[in-house]
Ligand code: PMP
């Protein structure tokens with residue numbers, strides 16, 4: 001039997017994607033400085049990072065990283081359970097638990113791995129996993145990896161979620177939702193979901209990758225903003241590479257949850273612990289994110305300035321009060337052209353196209369940061385005005 005060649009098949013798929021003009025492209029960034037980057041010899045004002053509090057280049061984080069590297073070296077040398085679990089990790093976990101009001105927290109090397117690990121550790125084959133249709137890809141992948149009976153309800157549709165939770169799939173049930181939706185910027189109806197899960201005996205998991213640092217009075221995230229306790233949201237996951245400006249992720253919850261993850265989450269057990277110096281820098285970022293509420297205030301003022309200006313221009317805003325402020329353009333080619341025109345004017349806002357978002361819902365995913373100034377938002381609005389997006393068919 002002659003088998004088709006795997007790599008050749010992949011090449012055909014790649015060519016098809018290019019033909020559909022949906023190819024993803026890598027860009028080398030030479031330098032990053034505040035909200036600017038240098039790429040291909042050009043300086044661009046960036047509106048697409050997740051560095052919402054402007055901490056990624058904070059000198060205090062850099063100094064914490066350098067100090068810890070001087071003391072502990074670069075790599076952790078092994079997985080946490082072998083001999084990679086350093087004091088820096090333990091202290092960061094304590095700080096994260098305290099911040100989010102949870103008993104314990106556990107570090108993972110990335111958010112993607114945290115979600116895969118949680119799902120695989122909690123769910124047994126064939127058990128019910130109910131998810132919002134717009135959840136991040138790694139929550140969906142996690143449910144698939146666990147072999148769960150995955151049911152996806154239309155975005156924030158509580159009735160549909162209730163119906164799915166009442167389906168006759170036997171065993172335990174997990175309902176997982178993004179806290180802030182990564183491509184739309186809106187916030188999940190967390191209080192209602194918590195009530196629903198309590199009624200139906202399901203466990204609620206919130207991925208607050210885009211909420212932690214940004215929402216809530218001291219930045220503890222969407223779950224804290226909704227005043228939901230560990231009982232309401234037993235599984236809280238968030239990433240460290242967005243508002244905290246670092247890298248990695250954590251899961252916070254009861255000691256029982258964390259002890260169980262240490263035993264059973266394969267993406268925790270079988271991978272190298274994050275560099276301890278990075279944990280030290282992240283700890284510094286947590287302290288700053290908690291204490292410097294002016295960053296959230298500045299960010300919120302910039303968000304309002306952008307929305308006000310965009311409304312006046314009739315731009316296709318989406319209902320979001322978070323730093324994720326997409327402009328829904330519909331057609332993939334149209335979104336790509338808008339992004340290219342902005343880039344020609346020295347602004348970087350990438351087009352998000354299928355399969356990342358549904359067909360016909362391509363958009364410019366504009367994100368704002370406390371690293372921006374009003375003058376930057378005004379420059380963006382001016383450039384957007386020149387694109388005549390208001391006239392575009394969605
Ligand atoms: N969850 C959400 C909601 C995300 O947006 C992302 C990253 N884009 C992740 C998880 C994955 O996190 P990481 O980048 O740390 O793997």
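Residue 1 is the first one shown; counting continues down the chain.
Positions of Cβ are set from backbone N, Cα and C atoms, glycine also.
Cross-referencing 239, 256, 267 against the pyridoxal 5'-phosphate binding annotation in TrEMBL, which names 111, 112, 182, 210, picks out 239.
Binding of substrate is attributed by TrEMBL to 24, 136, and the same site annotation extends, among 341, 356, to 356. Of all the binding-site residues listed (182, 239, 356), 356 has the fewest other CB atoms within 10 A of its CB. On a Cα basis, residue 242 (N6-(pyridoxal phosphate)lysine) lies 7 Å away from residue 210 (pyridoxal 5'-phosphate binding site). Note: the CA-CA distance between residue 136 (substrate binding site) and residue 182 (pyridoxal 5'-phosphate binding site) rounds to 7 Å. Site extent for substrate: the farthest pair of Cα atoms among 24, 136, 356 sits 18 Å apart.
Within the set of recorded positions (24, 136, 210, 242), the lowest number of other Cβ atoms found within 10 Å of a Cβ is recorded at 24.
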